[in-house]
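As given in Swiss-Prot:
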BINDING   G16, I18, R19, G20, S87, G89, E93, S117  5-hydroxymethyl-dUMP binding site
MOD_RES   A2  N-acetylalanine
MOD_RES   S17  phosphoserine
MOD_RES   S87  phosphoserine
MOD_RES   S112  phosphoserine
MOD_RES   S117  phosphoserine
MOD_RES   S127  phosphoserine
MOD_RES   S158  phosphoserine
Amino acid sequence: MAASGELVPCSVYFCGSIRGGREDQALYSRIVSRLRRYGKVLTEHVADAELEPRGEEAAGGDQFIHERDLAWLRQADVVVAEVTQPSLGVGYELGRAVALGKPILCLFRPQSGRVLSAMIRGAADGSRFQVWDYAEEEVETMLHRYFEAYLPQGTASSSNPSACLNPTVLEKI
């Protein structure tokens with residue numbers, strides 16, 4: 001248990017495209033690097049420059065990857081997704097995160113020329129599910145803004161899906 005005033009790190013599930021395209025890999029690396037300031041990033045491999053567009057070659061195949069990633073998603077306190085590069089996997093992860101009641105931040109770059117799916121933008125409720133437009137040079141600032149608002153002091157263990165998030169500010173962002 002953390003002492004009063006001590007920040008307890010989050011378990012963060014980061015979503016980014018793998019098989020849908022690796023064009024944003026360098027950006028994912030910046031995001032994961034920043035997310036490490038706020039807690040343990042369970043899905044650091046998404047940012048790995050060595051990860052091929054066809055995905056990782058796990059010993060148990062696709063089923064193993066699915067089960068492992070769902071276990072990480074259940075463990076996570078918060079989900080952060082870069083949703084500019086369309087990805088069926090990221091959409092699936094977000095749907096599962098919603099079903100699990102996880103707080104979600106989706107980041108989208110309108111300057112990409114893409115249009116974000118209505119199923120993502122339309123899910124935003126300004127509270128548990130947030131979609132923020134940003135420019136690439138703002139990514140660290142956006143993450144800082146989100147976690148500064150959501151991370152309370154002296155929170156409990158990550159067995160609670162919202163343990164590292166401050167519920168008193170959910171409506172204020």
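Cβ from N, Cα, C; glycine included.
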Within 10 Å of each Cβ, count the other Cβ atoms and name the one among the modified residues S17, S112, S127 with the highest count. S17
Using a Cβ cut-off under 8 Å and a sequence separation of 6 or more, which residues in the same chain sit near G89 (5-hydroxymethyl-dUMP binding site)? C15, S17, I18, R19, G20
Should any of the binding-site residues G16, S87, E93 have a Cα within 10 Å of the Cα of S112 (phosphoserine), which are they? none
About how far apart, in whole Å, are the alpha carbons (Cα) of S117 (5-hydroxymethyl-dUMP binding site) and S127 (phosphoserine)? 19
Anything within 10 Å of S127 (phosphoserine)? Look among the binding-site residues G16, S87, E93, comparing CA atoms, and list what you find. none
Taking G16, G20 as the binding-site residues to compare, which has the smallest set of other Cβ atoms within 10 Å? G20
Compute all pairwise C-alpha distances among G16, I18, R19, G20, S87, G89, E93, S117, the residues listed as binding 5-hydroxymethyl-dUMP, and give the largest one in whole angstrom. 18
Fewest other C-beta atoms within 10 angstroms of its own C-beta: which of the binding-site residues S87, S117 fits that? S117
Write out the long-range same-chain contacts of E93 (5-hydroxymethyl-dUMP binding site), meaning residues 6 or more apart in sequence whose Cβ is under 8 Å from its Cβ. Y13, C15, D69, L73, V79, A81
